[in-house]
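Written out below as structure tokens is the structure these notes cover.
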Amino acid sequence: MVGSEVLEECGEKISKKESKKRAAKLEKLLRKQEREEATSSSLSLEEEDESCSSNYGDVTTNELQSAVEGKELTDVSNLVEEIVGSEVSIRGRLHKNRLVGTKLFVILRESGFTVQCVVEETRVGANMIKFVKQLSRESVVELIGVVSHPKKPLTGTTQQVEIHVRKMYCLSRSLPNLPLVVEDAARSESDIEKSGKDGKQAARVLQDTRLNNRVLDIRTPANQAIFRIQCQVQIAFREYLQSKGFLEIHTPKLIAGSSEGGSAVFRLDYKGQPACLAQSPQLHKQMAICGDMRRVFEVGPVFRAEDSFTHRHLCEFVGLDVEMEIRMHYSEIMDLVGELFPFIFTKIEERCPKELESVRKQYPFQSLKFLPQTLRLTFAEGIQMLKEAGEEVDPLGDLNTESERKLGQLVLEKYKTEFYMLHRYPSAVRPFYTMPYENDSNYSNSFDVFIRGEEIMSGAQRIHDPELLEKRARECGIDVKTISTYIDAFRYGAPPHGGFGVGLERVVMLLCALNNIRKTSLFPRDSQRLTP
């Protein structure tokens, strides 16, 4: 056809105009199909998110009040390679999270142990990612997922497996703005110093901030470990003493007058009568021995109205107290101490390796050096060592903090031990009920025990003669009437006896070489702190 271009398609001749018309129609049809597919895909995603909506969310109070049949939670500490492939349910705090592409990496923390959890959008939907992403740090969550091998070794968690999350629920939301971040509170001093050198100064959480917000502070791995170690010290203490025939007792903490006749007591009104909080179970321990209990111990609170605001003084602490009948000589008490504490130290090493490692990560320290046979020096020998080192000390006075530290260094250098005993102390620096040394009344049948150059306990043989006891009480300025029931206990016959007392917090502080006793007191009470 002249003036007209003819095309052939499938044997049919069509004009160019008709071809364009058909192409436009086809393109319109394709666009319609794309729109339908997009709509279908969108509906599919909505349906998917709708179907996944039961896999995440906040748990209601009613749900928390109801029992869940067959529910079993796995501790984060038990998430190990041996259970890779298993589906587990775990609970913990949201330590932190990080979004990388379509994957949300969540670090979950439980009692100082951490695990990486992976939430993938392709598996759980965008809405679940959004839900998890907006949860604030320290919120309590539960999740269900499969234990898997990570693609690369993990360095930011305690567990070397990861959880591929299927479901996650929030049991309790934390406030978004925290007074301290647990991650900051868990940072070691060396890491803080290193960050400064690298030009990225990390936050340092100060002691008062920690103690004012103790409920957050004790969530750090090191603090979790410290109080687990403390628990094991008590267990080992009880275990050893019970194996030696000791009976655990509980003495009153409300008493008339003053505990040991000292001024450092918390006085109070007791129904119109003057009273105080016991600064020692000493008197009642002795009365128990007079009641033929022979060997007793107590784990309980002790109150001291200390004015000292130092790294090692508290106004309330846990006392580990022992009293025992003496069969032959007061050295029997020292023999007991010399066996008891190495037993405790050994048990802690055996039972708390993970906890000790957690403490070391934040507060590096070397294991305590002690001898199989506990070193025992006289007070005079200790004074002589200090004098030979050029220290000026009173031969009949008590050792101050600096003298204790110096003597600890000298003992470590000479005897290769950080745990030792110093006995036969001057009578002038001992309580009124301490038995004088038979060969020289300037000294007494008493001793102190030291760890890493600091005194942790005092012990002695007690005076069991009522006349001598009255005499010593008057010499110390004590009103005998206020302790008459105590003295009367010895008028009915009393066996020779003695004992010792030690602060649990101080033992743990020195065992872990910590620089402040407040780190080993759950909610410390000192001369300036009564809360939280």
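Including glycine, each Cβ sits where the backbone N, Cα and C put it.
A quick note: this is a predicted structure, and the numbers were derived from the prediction, not measured.
As written in Swiss-Prot, here are the features:
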- E260, R304, S458, R462: L-aspartate binding site (BINDING)
- R304, A305, E306, R312, H313, L314, E455, G503, L504, E505, R506: ATP binding site (BINDING)
- E455: Mg(2+) 3 binding site (BINDING)
- 7-41: coiled coil (COILED)
- 31-58: region 'Disordered' (REGION)
- 282-285: region 'Aspartate' (REGION)
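Using a Cβ-Cβ cut-off under 8 Å and counting only residues 6 or more beyond its ends in the same chain, the region 'Aspartate' (282-285) has close neighbours at 249, 251-252, 255, 259-260, 296, 298, 321-323, 431, 433, 483, 486, 499, 501. According to DSSP, R304 (L-aspartate binding site) sits in a coil region rather than a helix or strand. Sorted by the number of other CB atoms within 10 A, the binding-site residues H313, R462 start with H313, the lowest. The C-beta environment of L504 (ATP binding site), restricted to residues of the same chain at least 6 apart in sequence and closer than 8 Å, consists of Q230, V233, Q234, V299, F317, V318, G319, L320, T520.
Helix, strand and coil residue tallies for the region 'Aspartate' (282-285), in that order: 4 helix, 0 strand, 0 coil [DSSP]. Secondary structure from DSSP puts R506 (ATP binding site) in a helix. On the backbone, the CA of R462 (L-aspartate binding site) and the CA of E306 (ATP binding site) stand 25 Å apart. Counting every protein chain shown, the Cβ of E455 (ATP binding site) has 19 other Cβ atoms within 10 Å. Across the structure, E306 (ATP binding site) and S458 (L-aspartate binding site) are spaced 17 Å apart at their Cα atoms. Largest Cα-Cα distance over the residues recorded as binding ATP, namely R304, A305, E306, R312, H313, L314, E455, G503, L504, E505, R506, equals 19 Å. Within 10 Å of R304 (L-aspartate binding site), counting C-alpha to C-alpha distances, fall the following of the binding-site residues H313, E455, R506: H313. Cβ-based neighbour count (10 Å, all protein chains) for E306 (ATP binding site) stands at 17. Taking every protein chain shown into account, R304, S458 are the binding-site residues, and of these the Cβ with the most other Cβ atoms within 10 Å belongs to R304.
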